[in-house]
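Per Swiss-Prot, Zn(2+) 1 binding site is recorded for 47, 49, 70, 180, and the stated evidence type is similarity to another entry. Residues or ranges marked as alcohol binding site by Swiss-Prot: 49, 70. Taken from Swiss-Prot, the feature NAD(+) binding site applies to 49, 205, 206, 207, 208, 209, 210, 229, 234, 298, 299, 300, 325, 375, supported by similarity to another entry. Annotation comment: Swiss-Prot describes 100, 103, 106, 114 as Zn(2+) 2 binding site.
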């Protein structure tokens, strides 16, 4: 390609401050260095993690200017030295948590947080040299990276350990959803909780991740799936995802866990906290059966808080854990999951509520912020 080895100037949506509208502007994108890949992003969507970072909810994670975004799909523009599994023109998914294949975590079954390329909201530069690949076009000042990916840009540079090559016949606009939210939810149901047939499930928060948990639970043969959300507009999509019972905490005269106990006659086997709320996490824990209950935390929490659980409560037979990317190893396990989805295991169309051009990204952010969107797919 003519651009190979050269700096590319392209459009990016840059965050300049907490809660400020993203600025669509020209940025410079350096060529990929050793073991890096430069990607032309074709589709990206907005996740609540992007929204949290944009709002600057956790002060320790604030870094500006910054290019957010991590759920996307695109085509390789060029590769750096040492990259052998990909080449220009390949279709790829950026993955916010990588897999080097060599560390003790990557070599261990059941673990997916690579020691070198695991997701780190504090990290704002490339792993290889501690520098950025983005610069302002006017004064050449550095622009920081986000979650290993920074997909709110027409071009981005990513470590090859965080890039998954996919079949060019796969529809990129659909499988882009599998680079974060859908995989996170379904994987939590399968890989982390390991939902068993005929079991009961409660899901707190019915955004994209929560609905993906429901899809995963239904695929595993759960007998009853309960959805909890303060926005009743989400209940219809919940039904389509397999949820049979709904609780709106604002309309209940009892605590949510008390209602769940009544519905299930003793609590669910599995609960999932997908709301990023410490109160929801507490209710999710108390909603599980005393003896076999498992709670999986998936929501992004705004600031560090202690778990709302007394240590002695864990002696009641309940357990609690958390999950990143649904426990999937992104490069070795995700390809089979993508194939399963495209063969009809999940309805990926369910998750795309809006489609907008890239320059309308601030409108997309507001739709998600107001609870009016599930996934807004941006076309670059």
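The backbone N, Cα and C atoms fix where each Cβ goes, and this holds for glycine too.
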Given the binding-site residues 210, 234, 299, find the one whose Cα is closest in space to the Cα of residue 103 (Zn(2+) 2 binding site). 299
Near residue 180 (Zn(2+) 1 binding site), which of the binding-site residues 106, 114, 234, 299, 325 can be found within 10 Å, Cα to Cα? 325
Rounded Cα distance in angstrom between residue 299 (NAD(+) binding site) and residue 49 (Zn(2+) 1 binding site) is 9
Let's check the environment of residue 47 (Zn(2+) 1 binding site): how many other CB atoms sit within 10 Å of its CB? 26
Least surrounded among the binding-site residues, given as 106, 180, 206, 208, when other CB atoms within 10 Å are counted: 106
When distances run from the Cα of residue 114 (Zn(2+) 2 binding site) to each of the binding-site residues 70, 208, 210, 325, the nearest one: 325
Rounded to a whole number, how many Å is the Cα of residue 325 (NAD(+) binding site) away from the Cα of residue 70 (Zn(2+) 1 binding site)? 12
Using Cα coordinates, what distance in whole Å links residue 47 (Zn(2+) 1 binding site) and residue 208 (NAD(+) binding site)? 8
Tally every other Cβ atom lying within 10 Å of the Cβ atom of residue 70 (Zn(2+) 1 binding site). 26
Cα distance (Å, whole number) from residue 49 (Zn(2+) 1 binding site) to residue 234 (NAD(+) binding site): 19
Neighbour count (Cβ, 10 Å) for residue 210 (NAD(+) binding site): 29
In three-state terms from DSSP, label residue 180 (Zn(2+) 1 binding site) for me. coil
